[in-house]
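Engineer: First, the structure itself, so that you have it in front of you.
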Ligand code: ATP
Ligand code: MG
């Protein structure tokens, strides 16, 4: 522990009660969690299987596992849980699904699946009311995060709109149950309800998880907090770390108040503050501190760093958005040579995903390798969604969303009328489509050839399922299934080129390979990964990481400010520092600038050595050219640490200077 500072050491060693580490960015909070896991295992005698650490993203969980792996013996760490909240919820539900009325092999609906169901319900129950699907989905999600069940939501509804939403919420919950499916929020909500209603189940999990650690605590919402509170129980084995200045998920129900709430719920809570920052050079840190000082503060934190002053923060004004993208590309090439960095040492952060498009084009033009975190995911590809739907149907025949997705993929000539009739029949009886098919009889409109085709499809699935149950070559059976349905031929009919179809088929095989390579969950003493588990983990992984790929190649990383949380890079660009972009227009309108400022703070504090900020003098917006106002956050930065460059790509001298710098760096490199 010699390399920890005294406060960090104190936090790691403290085991007498619940502990909160409250500290600013880069002060080693995540490091404390990692070290504390090692300490618990190596010195405090906790077996790995009794420890759980909760992080915010899959990427963070992976990194933490890796770090712990370096610190402790593999055998002692066996069974250690390092997971996101949702993954932890899934682990609980996989074991306890009976108690919440679900069958094994339940499906997890991603936002798009849920939306498809909600769209139908909205049309059925609120046609012509002008109510919006996005609003409906967000409202239901916020109810779930606040642990309100449909009847509670209904009785608390403030107006006609909320009443309607609450009614739909009830139907939505009923359908999910009928489909044996959960949505994303259920992964937290259901375990909480389960623990509330089944004391013995709660006790079992409290015995299992004897020490709980939570990273990025400021971003937990109410249901997540409740899950923490219940799991910890009277044992009080809890360490949470957080920074209220980095709370950026209020829009998803996160409650930084949870930090203060801890003190009330755990009266013996000990608080440790860390103040030394180990990540950033001093100018970067001062700038971050000055910007965030514009927010009101509950907890005062003063960060300092020993890492030297560093270069000034550069603010570059570019002609327009194209100029901005181009400038970033050329700057990366330039800085890379000058500081002898690798591409992976650079990150470009932005407020919204749409901002990456132009940048990608320019990076390609300049031959700068890059990767996007959080863009279109592998799992958003059509062929992968098809394949996943087949897998979901194999593990859960009642998954109607999956059924409807692939019933005509490849084409089986089952018409929309037939499907509509089948859906109507199933809805009336509150059953899934597959079950409805088993029992439709003479009174139904679905007759003759249509029924025959549908039944042929379900028989085929049924057969495949039986082969899976009796044989032991799971993946072999699945691979054969894709061959039998002639999926590849179908891809060829629908792709623009043979090469494209081939690529798509390869993606499907890649998916199946990755299932084969998934490790069994050792916690349950399982030595084999069941297909059900693999499928649910994959769906969850997809929802959570949207392409936080495990990829070590040397590339510039592009991501949203939100996705950058917890990460660090030697060189950081933040683009689009303009009013209405950052701060975002919606936050200006709803006067939630403070959350945008925290986002800015998160962005600045990702940088270790070099921070560059850009904005455009002109930008196209809804087909119109506007002249955006530079972001107020630029004004809030201290002049002594900031170098503001004028209209850079119009200034030939600046270009020449840059050219010379690049040239001399090149010479250096060669010599
Ligand atoms: P964030 O708020 O951004 O999540 P954090 O508080 O979790 O940041 P860490 O990511 O744990 O901070 O640490 C930031 C950097 O400082 C890491 O590179 C880490 O390895 C390093 N670090 C942490 N503690 C020390 C220490 N005592 N000595 C040297 N380096 C340290
Ligand atoms: Mg951290």
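Each Cβ is built from the backbone N, Cα and C atoms, and glycine gets one as well.
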Engineer: Need one residue: from 279, 282, 283, the one TrEMBL lists with 23, 24, 25, 26, 27, 28, 29, 30 for ATP.
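Structural biologist: Record check against TrEMBL: ATP site with 23, 24, 25, 26, 27, 28, 29, 30, extra candidate from 279, 282, 283 is 279.
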Engineer: If you check the binding-site residues 25, 27, 279 one by one, which have a CB less than 6 Å away from any atom of ligand 2?
Structural biologist: none
Engineer: For a quick check of understanding: given the listed ATP-binding residues 23, 24, 25, 26, 27, 28, 29, 30, 279, what is the maximum Cα-Cα distance in angstrom, as an integer?
Structural biologist: 13
Engineer: For residue 25 (ATP binding site), write down the residues of its own chain that are at least 6 apart in sequence and whose Cβ falls under 8 Å from its Cβ; none is a fine answer.
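Structural biologist: In sequence order, the residues whose Cβ lies under 8 Å from that of residue 25 (ATP binding site) (at least 6 apart) are 243, 245, 246, 277, 279, 288, 303, 601, 602, 605.
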Engineer: So which of the binding-site residues is most packed in, judged by how many other Cβ atoms lie within 10 Å of its Cβ, out of 29, 279?
Structural biologist: 29
Engineer: Compute the average pLDDT of the predicted model within the domain 'UvrD-like helicase C-terminal' (282-566).
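Structural biologist: That region's mean pLDDT is 83.
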Engineer: Using an 8 Å cut-off from the Cβ centroid of 23, 24, 25, 26, 27, 28, 29, 30, 279, can you name the remaining same-chain residues around the ATP site, in sequence order?
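Structural biologist: For the ATP site the neighbour list reads 31, 243, 274, 277, 278, 303.
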